[in-house]
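Trainee: Pasting the relevant annotations from Swiss-Prot:
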ACT_SITE  D13  active site
ACT_SITE  E103  active site
DOMAIN    212-276  domain 'SH3b 1'
DOMAIN    278-342  domain 'SH3b 2'
REGION    230-342  region '5 X 23 AA tandem repeats'
REPEAT    230-252  repeat '1'
REPEAT    253-272  repeat '2'
REPEAT    273-295  repeat '3'
REPEAT    296-318  repeat '4'
REPEAT    319-342  repeat '5'
Amino acid sequence: MEGRNSNNLKGIDVSNWQGNINFKSVKNEGIEVVYIKATEGDYFKDSYAKQNYKRAKAEGLKVGFYHFFKPNKNAKRQAKYFIDYLNEIGATDYDCKLALDVETTEGRSAYELTTMCIEFLEEVRKITNREVVVYTYTSFANNNLDNRLGVYPLWIAEYGVKAPKDNRVWSSWIGFQYSDKGNVAGVSGNCDMNEFKEEILDVKNNFKLYNATTKNISTYLNIREKGEIDSKIIGKIPAGEEFMIKWVDSNYLGWYLIEYKNITGYVSSKYVEKFQMATTYNVSDFLNVRERGTTDSKVVAIIDDGEIFRIDWVDSDYIGWYRITTKYGKNGFVKADFVKKI
């Protein structure tokens, strides 16, 4: 794997173990990113998380949160516990990807633990519409996780080296914890030291999976107050723009009730092309989205069982596969055997 680089963001991660922290001094040390422990399992809330968040933000530091995973507890319940606590302490304006800290098995096999991690990560994404990162250490990745987790970015821990060793799950990292014995002004005792790439930063995923676009128009499609040709125009959709059909109103045959940029109204069905939406079929946990339409192609995303996605086209190069868009805006190919059109 690649090593440390002076162009990377400098960071620390902290918890209640560090007590009260002077984040002004931390910033003056050149630290740019602070990851804060929020929760553990479904039973522990870090009592310093709120003050750490508010004080770090007040100094203009980039803030992220992590959850320490307990494999003997329900994964989805842990995800909800994590996000509920962030909401409880008012931590809604964080800057970095939400982190899953996995470093204990509690008797779980690599397959079982990886499945639980995926359940946690996808539940966090579902609740927050924000992106995630996996924190672990090199030997743990090699011995206790499998390559299904490789679709998520990595924050790797390995001490006393300039570059982390290769592992069987990931080929690159966006975070590297290189020491647990850092000495930073403003922090009592030792703290973990990290370098982060820009990819650790996250913005709200505002992608919306639309189910329709315009057709047979060259300029604008009028949005009307009611499904009548002489009804008041309340908005316009530029040709080629996507929007959401909400439903067909039995009071206005030949019209769709739609939503476009916070405008809800009616458009004539003559000028609407509906996309083919779909969901999973005969899938127990999740459906792999692959880079190409082959079973040995790289997995680039996953779709939870029952999740809705859009079929973009059938690619003649990959018979038996659909090119799709997930609800998070990820593109790739899924096997047609596991797809139900809706």
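The backbone N, Cα and C atoms fix where each Cβ goes, and this holds for glycine too.
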Trainee: Most Cβ neighbours within 10 Å: which of the active-site residues D13, E103 is it?
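Mentor: Of the active-site residues D13, E103, the most buried by Cβ count within 10 Å is D13.
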Trainee: Work out how many Å separate D13 (active site) and E103 (active site) at their Cα atoms, rounded off.
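Mentor: Rounded to the nearest whole number, the Cα-Cα distance is 16 Å.
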Trainee: Three-state secondary structure of E103 (active site) from DSSP?
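Mentor: DSSP assigns E103 (active site) to coil.
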Trainee: For D13 (active site), which of the three DSSP-derived states applies: helix, strand, or coil?
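Mentor: Going by the DSSP assignment, D13 (active site) falls within a strand, counted as strand.
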Trainee: For the repeat '5' (319-342), what does DSSP give as the number of helix, strand and coil residues?
Mentor: 3 helix, 13 strand, 8 coil
Trainee: How do the residues of the repeat '2' (253-272) split into helix, strand and coil according to DSSP?
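Mentor: Grouping H, G, I as helix and E, B as strand yields 3 helix, 13 strand, 4 coil.
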